[in-house]
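Visitor: The repeat 'TPR' feature in TrEMBL is assigned to 39-72, 106-139.
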Amino acid sequence: MVSESHVLEITIANNLIKQGKVDEAKEHAVRAVKIYPNFTSYNTLGIVYTYLGDYGVAVAAYEKALELGQYQIFYENLSFAYLMGNDLDKAESFTEEALKKYPSSVKLWFRLAIIEYKLRKLDKAKSAIMAAYQLEPTQGIKMLYNAIISGRKGLEFNLIPE
């Protein structure tokens, strides 16, 4: 008997992602959306497409998730998809708006720092990374802070959403 549980399909998709089996995870995420097209199903689909590097489809999935539910993680994931898809102007405006709703989101501040850095807006990048560091003084944030403060060029970022 084939499963008709979107929760089961989402769980399988997430476990397959953790195992690096993203193509298989895609099948289950698509099935979850077909069974029950809610915000969790669309967010999972967005995560799968983010891992596959298809940021346009990921953006569409995260936008649909946001239409159905206004949760912080959806804002963080959509900000990330805009960033990774190199739609930096959209990433900047969206992330700034998201921070008005979720000013304590370390991920949004961290991503805004990267976005501003890539847009060569170093003062804004410094402010954003300082905000992230004040909220969560981790080693990773400190390293990015030091790189931005020193004006180091050519930083590469490889951050995958949850």
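For all residues, glycine too, the Cβ spot is worked out from N, Cα and C.
Keep in mind that this is a model prediction, so the values were computed, not measured.
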Visitor: So how many of the residues in the repeat 'TPR' (39-72) end up helix, strand or coil by DSSP?
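Guide: Taking the repeat 'TPR' (39-72) as a whole: 29 helix, 0 strand, 5 coil.
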Visitor: Counting only residues 6 or more past its boundaries, what in the same chain has a CB within less than 8 Å of a CB in the repeat 'TPR' (39-72)?
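Guide: Cβ under 8 Å, 6 or more out: 6, 9-10, 13-14, 17, 22-23, 25-26, 29-30, 32-33, 78, 80-82, 84-85, 87, 101-102, 105, 160-162.
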Visitor: Of the residues in the repeat 'TPR' (106-139), how many are helix, strand and coil by DSSP?
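Guide: Its residues divide into 28 helix, 0 strand, 6 coil.
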Visitor: Mean pLDDT, the repeat 'TPR' (39-72)?
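Guide: The answer is 98, the mean pLDDT of the model over that range.
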